[in-house]
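Listed in Swiss-Prot:
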REGION    1-226  region 'Pyrophosphorylase'
BINDING   7-10, LYS21, GLN73, 78-79, GLY140, GLU155, ASN170, ASN224, ARG329, LYS347, TYR362, ASN373  UDP-N-acetyl-alpha-D-glucosamine binding site
BINDING   ASP103, ASN224  Mg(2+) binding site
REGION    227-247  region 'Linker'
REGION    248-452  region 'N-acetyltransferase'
ACT_SITE  HIS359  active site, proton acceptor
BINDING   ALA376, ASN382, TYR383, ALA419, ARG436  acetyl-CoA binding site
Amino acid sequence: MLAIAILAAGKGTRMQSTLPKVLQELSGLTLLERVLTSCKDLTPDRSLIIVGHESNKVKESVNHISGLEFVNQQPQRGTGHAVQQLIPVLKGFKGDLLVLNGDVPLLKAKTINDLINKHRSSKANVSILSARLSNPSGYGRVFSNEHGHIEKIIEDRDCTKLEAKNNLTNAGIYCFDWESLSKILPYISNKNNQNELYLTDTIQKLPLAVHLEIEDAGEVSGINDKRQLAKCEQLLQERLQDFWMEQGVTFINPSSCTISEQCEFGKDVTIEPETHLRGKCIIANNCHLGPNCFISNAVIGKNSSIIYSVVKNAQIGDNVKVGPFANIRPDTMIQNNCKIGNFVEIKKSYISEDSKINHLSYIGDSEIGKDVNIGAGTITANYDGTNKHKTIIGAHSKTGANSVLIAPIVIGENVTIGAGSAISKDVSDNSLAIARSKQSIKDNWSKKLKGT
């Protein structure tokens, strides 16, 4: 049997935030959600989260995940004290206890499995993850014998100068035999510089303690402040981008771009500098994104390009060109072979194939037919101050520059709207609609003004 306990009670004072530390976000997910994700495939018998500071907020943040149990730690007196709170909760439990930190979000599922497997194959009372760090400051040091059995772990603040030179560190990830641990947990001491109960003090009291040294120390990077949060974001982005580059995606300047774990890319996609993808983005083959794009929860068809633009919660077809400086807002669908040009905003609209909206337009709550040409400066006036109204434009129609279509309105097929028109009534197929004042010219007007 397996129980998982996640330590999530701390305040995170160094974060300088109103949120508990485990609710800080890393690439769209909280630190706690990331830890839970890393162990979701273990199918544990018990999943326990030890909460304390702002416990209600922490509970609410994961209420969409079933099967979680919460254990309160008040006050917070160290990792050993946190795990002591499990003694009544796990009474009668026979099996292994995996202890994870809520502020170590980059741990891979494979690494956790490897630790559990080593723990069980070695029949140890406790197994820990260890890592060699070039700068081990802040981490407890692991001291083991020639057989790889741990003799002791000394917290950084309690190390002598000689002990501090050891760069084999405790990653803070443990797998215990619960029966062995529960017998000694009540007896750990707070005789240390922090007057806290350290979980590491149980190591020397257990008959057999082993460690698994991991190759990628970045996996066990802990987060205590915003600098470390930014560093973990960088590590996560490197991990994601390395994976997709192996699948054929080109990043021109990877360090300037960010993507989410939900993103999916086809072959021969190119991502230019300063391009950021959030949420679930599906990008088909041969797309060219950027530079300077923000794309969120979007589907982009093959051979499409987006430059200097924002796309949110929208679908874009094949062979579509967007930008520069376009804003594609939610619930927009742009079909194949369309062109959306500079300073165009589209919201909650359907743009049929082969249509062009090239310059300086606002299209909202609209249905645009096939092969429509929207002239520069055309807008759909969709809001009457209370409600939004729909504009429908039939296939093969075109609007002249600086036109206003006052919704609700239906423009038929093969219609031409004269430049500068404000159209407020439906227009039938094959018509020309003009709604503007007659031009008046006053000869010699300038001379009269000057009195000559």
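All residue numbers here begin at 1 and follow the chain in the order shown.
Cβ from N, Cα, C; glycine included.
Between the binding-site residues GLY78, GLY140, GLY140 has the most other Cβ atoms inside 10 Å of its own Cβ, all protein chains included. Confidence for the region 'Linker' (227-247), expressed as mean pLDDT, is 97.
ALA419 (acetyl-CoA binding site) carries neither a helix nor a strand DSSP state and counts as coil.
With TYR362 (UDP-N-acetyl-alpha-D-glucosamine binding site) as the anchor, the candidate binding-site residues are ASP103, ASN224, ALA376, ARG436, and the one with the nearest CA is ALA376. The least crowded of the binding-site residues LYS21, ARG329, ARG436, judged by other CB atoms within 10 A of its own CB, is ARG436. For the region 'Linker' (227-247), the list of distant contacts is 15, 24, 26-27, 105-106, 218, 221, 254-255, 257-261, 263, 265, 267: same-chain residues at least six beyond its ends, Cβ to Cβ under 8 Å.
DSSP assigns ALA376 (acetyl-CoA binding site) to coil, not to a helix or a strand. Between the CA atoms of GLY140 (UDP-N-acetyl-alpha-D-glucosamine binding site) and ASP103 (Mg(2+) binding site) there is a gap of 16 Å, rounded to the nearest whole number. Per-class residue totals from DSSP over the region 'Linker' (227-247), listed helix then strand then coil: 20 helix, 0 strand, 1 coil. Cα separation, ASN170 (UDP-N-acetyl-alpha-D-glucosamine binding site) to ALA376 (acetyl-CoA binding site), rounded: 63 Å. Applying an 8 A CB threshold to same-chain residues 6+ apart, the list for ASN382 (acetyl-CoA binding site) reads GLY364, ASP365, SER366, LYS388, HIS389, LYS390, THR391, ALA407.
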